[in-house]
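Per Swiss-Prot, the features are as follows:
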ACT_SITE  H155  active site, proton acceptor
BINDING   N187  Mg(2+) binding site
DISULFID  C312-C317  disulfide bond
CARBOHYD  N204  N-linked glycosylation site
Amino acid sequence: MPIIRRTSRATASSSKSATSSILRQAILVFTGFLLGALFMVFVPSLYNAAEPSSLHRLMNPIRRNTLSARASSDILKLGNPGPVSDLLERSGYILSYNRRDRLAHWVGEHLTSASLQAGQGVDRDKSNFQEDTDIPEMFRAHLKDYVSSGYDRGHQAPAADDLSSQEAMDETFLLSNMAPQVGVGFNRHYWAYLEGFMRDLTQNFTDVYVYTGPLFLPSAASTGRKNPAYSIEYPFLGATTPNVPVPTHFFKIALTTTASSEYALGAFVLPNQAIDSSTPLTNFKVELEAIEKAAGLVFFDKLDRSKFADLCSKTTCQVR
């Protein structure tokens, strides 16, 4: 399958072969601990989650969606090329769709003990993977993209989260809710355990808001100079042409509430690779700002995040 390589160099480049060799080694030894350290490189010191006003400015820049008469009547009079972010509402989740990558930017869910109750006759075996016809065909992920690719069609909003009706279950099998994931050791194991952990949170918390999405993260490679080079490499799926990129990582964020409106936050980033089931979930715990910086998103901007407790101080963060 096609491979995409993207490199951003802070200094003069080293040889391509050396960089590729180092990159492959880095990917093999990449762990949650190193991931957290890498993320901190991308979090600017001026970004302070304790200042809601700064978050408001990030989410609502001064000129956002504001066009002058000249722009509308002159430069864009023949049309606005985009980008377009399709916001799709389903029975059990909402997603923002990335037309370039044929993946979701994010998928959002609101889990409660009541929402996880199974409706009569709901059966996963009745559901089938489907292309999402709400997405224009040229920007759509196709069933044939995944055939013999070596990757699973990994749910972002899990099927087990949407048991209220067969329709809700079926909607989780739309390809807009999928991303290429390593099967054995990840999608079928550790990632599934993480999904179960999110559902289990409803036993101790009134509401659980979950956001999930893909990430494409670079690795640092030594150049022998003061500043490193950052490189990224990932394959594309596609029956005839490259169509769906394979994320290097995935994030999952949980914001829980109690009856007294106390918030607790947990943010995790996992590499898209087999993970030993004994690996502590806390190895993949990161600061929320790290995900925001990497994904270009801002979460929970209507809340004072300085009041969020650490989820792992309120419950045991572990998968099983």
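Here the Cβ of each residue, glycine as well, is placed from N, Cα and C on the backbone.
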Quick check: of the recorded positions listed here (H155, N204, C317), which one has the Cα closest to that of N187 (Mg(2+) binding site)?
H155
Pairwise Cα distance for N204 (N-linked glycosylation site)/C312 (disulfide bond) [Å, integer]:
13
Please list, in sequence order, the residues in the chain of C317 (disulfide bond) that are at least six apart in sequence and whose C-beta is under 8 Å away from its C-beta.
F197, G266, L281, T282, K285, L311
In Å, rounded, how far does the Cα of the residue listed as 'active site, proton acceptor' sit from the Cα of C312 (disulfide bond)?
24
Tell me the coarse DSSP state (helix, strand, coil) of the residue listed as 'Mg(2+) binding site'.
helix
Residues with Cβ closer than 8 Å to the Cβ of C312 (disulfide bond), same chain and 6+ apart in sequence?
G266, T282, K285
Among the recorded positions listed here, N187, N204, which has the most company in the form of other Cβ atoms within 10 Å of its Cβ?
N187
I'd like the number of other C-beta atoms within 10 A of the C-beta of H155 (active site, proton acceptor), please.
23
